[in-house]
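Here is what Swiss-Prot says about this protein:
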type	residues	note
BINDING	106, 111, 117, 352	[4Fe-4S] cluster 1 binding site
BINDING	137, 141, 144	[4Fe-4S] cluster 2 binding site
DOMAIN	122-341	domain 'Radical SAM core'
TRANSIT	1-27	transit peptide
């Protein structure tokens, strides 16, 4: 699985789910007008990456350990504690989801960027990430808390149509379609992905569609089916450096197979934008991160996101290290030097983020113009 409140103030600490952190905050209506306006309009990508929503003055004073010692459980550093800006469209989108029985990674994972992505804005791209093919995965990666089963429930045949209907109602500019792994199906769910993209493009040819797919067990025909479905961005996450694949991911997944997925998508659709993501803080070293980034760029991957791994439950892999915002900024610089068209690197950066989609929207438009 490759995945992405309100009311009174609560005193509990942040919740974590997969690679996301959620800190309950005050309802926007209780805030001063100036602060309310700032939260509703939302910061841009660089502001969020650098953590301007948190009190940066406390960062240098932080004395907690950033690397885990044996038997220790690391405390959350201040740069991972941040408010969640809620846009005006939040409740509308949430109600639409309920009525159509759709799941989003944004909600399931309690992503801290949900208010910004769903809210859109004058200079933003209203974005949502829909999780297809149910909520039960056939794999058991050690970083992910999505429930697993050997034989999940059958697919909802109406899901592709309902997804297209939801996007039409929302008026989104950019949608990310992702899914659980479905090794129980002959094509891994590739046809389901392709149908959903087709319905979306029929209803709104201008909508930009990103598919964040499983590895389809390395089935090239399945990869082709999705790549040729009319999508604009093909994403598949390698998750971590090659040396930690067996420790972090299900045994059926591996770095070389994931790299082949990304390569093959570009081979059958040279104009498609390819994208992947790496979690940091699992015990990797700098040399391994650099070598991984280099291998991805050599495979012609266009866009890369790097974010902090967050332990979802005590049963999952512990965080080995909290990476500082400065180190994330360093990796962003390295990504740019290696030639990625877009590198988003920061503690709270995830595979899908509104300012990232805004950039990708412009990149897609440029490539389409060049192809004409």
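From the backbone N, Cα and C atoms, a Cβ is placed for every residue, glycine too.
Taken residue by residue with DSSP, residue 137 ([4Fe-4S] cluster 2 binding site) is part of a strand.
For residue 141 ([4Fe-4S] cluster 2 binding site), the number of other Cβ atoms no farther than 10 Å from its own Cβ, over all displayed protein chains, is 24. In the three-state DSSP scheme, residue 144 ([4Fe-4S] cluster 2 binding site) falls into the coil class.
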